[in-house]
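Participant: The following block contains the structure, expressed as C-alpha cells.
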C-alpha cells in the first residue's frame, strides 16, 4: 500500500481532498486529525477545467461556456444552415407509394404510367404520381370478389369510370361483405392518392339507426386502433349538435375522428349543422331508402357538400324506373338527365314497349332504350349474387312450409269473409283503400286467433259473433299453440331442435304482438331467449347480438321484429331461422333471412318460411315470387295495394281454399308432380335462388332433407317446397 502523507497526498503525488472533521457528539472525545481511512477507497480526481471553489458568478460563467459551444453537424463536409427543422440532407429522388405495389398479394388500385429515363430527368420530382395500394392489413383478408369491388368503388369515386362523376351504387346481395369493401375504400382515400397525399380529409357513413353501432364495431374490427371513428348514437339535441359542428369544422391531414357514423333520422334532424361544412366521401347504407327523391331525407342528404357518394343496397333495385332514376341521380347527378328528360327518353318508351298492345316498332324502341339505360347505369353500379358465398359458406337449406289452419282459425276466417265490407265492395266492383286494412286482420288470424281476440270481444267489422267460436274459458294470458297451425308446427320445430342438437334459432315476425306470443311460448317451455324490436336502444342491440353470437351464451332463441332493423344484423350464433309470416315486400323477407347465412357461419343453415295453407299468406307469397315486368313494382305498404292489384287479384285475396294442400303449388302448374307427388327431381344446376317450380316439392315427409321438419310434419304441415344453396361446401370457409 502506498504510504500516505499528512497533508492528504500520497507518495505518488496524487491529489485527494484533505480530511474533514466530523461533528462529535456531546461528551465524546474529538478525533485526531490523522483519523483512520480505508486503504481500499479510490481517491477522487480533480476536474482540470473546473475551479476548486465556485461562487455563483463563476458557476454561471462555467455553464455559459458549455452552452456557447457551436453545434457540430455529424455529417462530414456539411455546409448548410443548421437552424432548419430538417434533419440531415434531403435526398433527391422520385416519391414512393405508402405500401409496396410489388409485394405478393398487393391490391393496386392505381398504377402510374411508366416513365422513360429521359422523362424522369425532365419531370418535376414533386409531381410524379405514385401507386395507390390497399393497406396489406386489409388486402390480406379481402376475397377475390371483394378486391374487385374495392377497385370498382375506387375507380368510380375518383372519376375514372365516368369522367366528371364521383358516385356509385354497391348493390351486392347480402352477405358478400359490402361493409368491409367500403371500409377499405374509406381507409385508402383517407391515407393516400396518386399525388402522394390523402385523397380526402373526412368520410361520413349514414345508416339506419340499428346499424350505427355495427358500423363503429366493424371499423374497429378491421382497422384496430389505426383510426378513431365518431358514432352518433344518442344524446341530447344540443350535445349532438356540438359534436357534429366540431366534426364538420375539423380540417387538415390529422383530423382526430375522420369517420363520422350517423343515422338517417339524426342526419335529417341535424341537417343544418352538417351542411355548414364539407365531407370528402359519404356512404349511404341501406340506400334503397333514397328511392323517393321527394322525401326529406333524400333532400337533406342531396344538399350535403360532398363530391363523392356511395350508395349501398343489398336489396335488388326495385322494378320501378323512377326508383332507378332517383338512386342514380343521387350518386351521379345528371348522367340520366333531369326527371322530365328521363321520363321522356327512357320511361315512356320502355313502358309503352312492355304494353301487351304495343306495336312491333314500339316494342323494339322500348328494348333499345332499356339497353341504353342499363349500359349507363352499369357504369356506376356493381352487383354480385350470393352464389359466390357457396365457395365459403356451409350449405343453406331453404324450406317453404304450408301449414293447415286449425278448425278455430278456419271458422273465424270464413266468418270474416262473410261479413267484411271489402268483400261486399269487391263483389260490386268497388275498391276502397281504407277498408283494405282488414288484410292485416286476416294476416294476424293466420298467425294465431289470440291476435284478433280483442276485435272479437269488441265485435269489430268481420268479427260479429266470432267470440262464440272460441273454446269456453279461453284467455289470452297463456299461449295455446294447438289453436294455430303455424304455432303448432313452430312448437314442434323448437322442441325437436332443443332436444336433438345444440343449434340456436332466430324467430322473425312482422308484428310485435306475435313476438309477445313467442315470449309466452318460451316461458312455458323454459327456453332462454332474447328479443329485439323497436323499443330496444341501439347500444343495447349491439350488446344483445354480441352476447347471443357467443358460443358460451345460454340463449336458445333470438326474436326479431323485421320492421325494427333486421337489416345488417349478424346472427351467426344461430343456424336455424323461422320466418313466421310473409311480408308484401320480398326485400324485407330476404333481409331477415340473410341474418344467419353469412360470413363466419360454420353450420348448415335451415330457413323455414311458414305459410297458412290456402289463405291470404299464400297469395302474398305468390306475389313475391312472381316475376313481373319493369312496369310493375313491389308493394311496400298495405295502403298501396289498390295501386298494384287488379280487381280480380283483389277478389282472390279475400278467399279461402280449404281443399288444397298448397295453393302455390296449384298455381305453378307443376309438370314434375303427379297427384301431388314429385316424380322427377329438380333440374340439374338449380338451387334455392331458382324459380319455385324448380325446387323439390313434397306432399309428405319422405323427400325432406331436414330431420327436424320431418319430426314436425304430422303437427299441421300439408306441403313443403325445399332446395339448397349448393351441393356441398366448396373451398375453405
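Glycine too: its Cβ is placed from the backbone N, Cα and C atoms.
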Participant: Given 285-288, 289-292, 293-296, 297-300, which one carries Swiss-Prot's motif 'DEGH box' label?
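Facilitator: That would be 285-288, per the motif 'DEGH box' entry in Swiss-Prot.
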Participant: Which one of 1-35, 36-70 shows up in Swiss-Prot as region 'Disordered'?
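Facilitator: Of the candidate stretches, Swiss-Prot labels 1-35 as region 'Disordered'.
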Participant: So for residue 173 (ATP binding site), how many other CB atoms are inside 10 Å of its CB?
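Facilitator: 19, counting other Cβ atoms within 10 Å of residue 173 (ATP binding site).
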Participant: On a count of neighbouring CB atoms within 10 A, which of the binding-site residues 174, 176 is highest?
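Facilitator: Result of the Cβ crowding comparison: 176.
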Participant: In angstrom units, rounded to an integer, how far apart are the Cα atoms of residue 177 (ATP binding site) and residue 504 (N6-acetyllysine)?
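Facilitator: That separation, Cα to Cα, works out to 23 Å.
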Participant: Given a separation of at least six residues and a C-beta threshold under 8 Å, show me what packs close to residue 172 (ATP binding site) in the same chain.
Facilitator: 145, 149, 178, 181, 314, 382, 383, 384
Participant: Pop the Cα-Cα gap between residue 561 (phosphoserine) and residue 504 (N6-acetyllysine) into the table, whole Å please.
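Facilitator: Computed Cα spacing between residue 504 (N6-acetyllysine) and residue 561 (phosphoserine) is 17 Å.
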Participant: Determine, to the nearest whole angstrom, how far the Cα atom of residue 176 (ATP binding site) is from the Cα atom of residue 561 (phosphoserine).
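Facilitator: Their Cα atoms are separated by 23 Å.
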Participant: Please classify the secondary structure at residue 175 (ATP binding site) using three-state DSSP.
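Facilitator: DSSP assigns residue 175 (ATP binding site) to coil.
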Participant: By a simple count, how many Cβ atoms lie within 10 Å of the Cβ of residue 504 (N6-acetyllysine), its own Cβ left out?
Facilitator: 25
